[in-house]
Amino acid sequence: MAYVIGPDCTDILDRSCIDVCPVDCIYVGERKSYINGNECIDCGACEVECPVEAIVVDRVAKKNPKFSPYLTDQESFFHDILPGRDAPLGDPNGATALGPVGVDTPLVAALPSNQ
Amino acid sequence: MSKAQKLATDVLILGAGPTGLYGAYYAGFRGLSTIVVDVLPQVGGQVMALYPEKQIRDVAGLPSIRGRDFIAALKEQADAFSPTYLLGRQAVTVEHSSDAAVVTLDDGTRIEAGAVVITAGIGTPKPRPLQAGSQWLDRGLSYFVVDPEVHRDQDVVIVGGGDSALDWADALSTLATSVTLVHRRSGFRGHAATLARVESSPNTTVLTECEVTAFDGDLANGQLQKVTVTHTSGEERLVAADHVIAALGFISDIGPLRTWGLQLAGRSIQVDRSMRTNVPRVYAAGDVADFDGKVRLMSVGFGEVATAVNHVAVELDPDLNLFPGHSTDES
């Protein structure tokens, strides 16, 4: 179970969600943030905080064609090897210590500008 | 430390969330004396901290119940056996004697327990660090305002956008020489009325879309002089600062339990099918406990903590049965 950040976060990257996440499981890419589903505790604090309503719970995301690709994309951010890196991020157990990753998934990198 | 007590109990429960409260009931039902410790000032764990007004619909026999009512009912159930609650305190260390686990709390209280059941959920909330000033912590940087008087006649920089940052900026504006409120976003999460007061205060400057990126001063003598504030455009400015207060929210972590020698997986504690950890006399149940096939739900936590406490009962008195009997046998 986890919350999912959809495409509206792209280029906004407000990070209010990060301020309220009690387990520090929201990781910043380059243009968008991503929630680590293994670390997320499903509390929902981020959902109400997002100024562009980019965050939904996975049960909702599955049924919503706008969000559903970002469910698998979010997993891919952690489990696949991102461009320019030589290993998957995995479960880093804390975004603050890791810092911004600085790279997005191919799906997000290819999105048109959202500004 | 003058208030430090020495206590003894059969069972020490660490964490007063739903699982811990039900564990206190169960320990009482088995005739065991019980102490419950929680770092928060109230019982109820995540339910009270995150969703006290939400309806809970996935507990057996309760089609729908408001979070705070559910916690009140769990506490009433536990209180039938008069457990001792030590709230606002944190378990820090464990030592082992021949017949007890001796746990020391952060206020110096020492508790000799026949067994410890850890029901710590997601752990202890601790302040999110301000990376740029980490070496200044407790010198020119703090995460709380304990006594506003400390900041009288200081140049104070407050970082954050929530209610704590706004409340402190508001409270210090009449004491401090200057207050600079720095927030990464353009909008604030905290109350609009407080923000309006802060913005109209003559000695307060509000800098949005900005971050504190460097500290400068005499670190050895703990005398901060100024900080660098960087706007999202890259533009930098220097701000006079005797003290920085960072209110960047909280991150929960398993905290001091990390030093207990427990077998950990991320933020979870590995247990066997009796809810025993690898450390003698120490059990775990609920969200903090992990095993193959784990499902993190309150309903599961209740079963786990009943399992743990029944095994504790037998560990403390091998003549007892593991099966507790039925609660309907009483009364």
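Cβ atoms here come from the backbone N, Cα and C positions, even for glycine.
Site annotation for FAD in TrEMBL covers B:T19, B:D38, B:Q46, B:Y51, B:D287, B:T328, and the matching candidate from B:A80, B:A91, B:A246, B:A247 is B:A91. A 10 Å cutoff on Cβ-Cβ distances gives B:Y51 (FAD binding site) a total of 16 other Cβ atoms nearby, all chains included. Residues from the set of binding-site residues B:D38, B:Q46, B:A91, B:T328 situated with their C-beta under 8 Å of a chain A C-beta: B:Q46. The maximal spread of the FAD binding site, taken as the longest Cα to Cα distance among B:T19, B:D38, B:Q46, B:Y51, B:A91, B:D287, B:T328, is 35 Å. Remark: of the binding-site residues B:T19, B:T328, the most isolated position is B:T328 (fewest other Cβ atoms within 10 Å of its Cβ).
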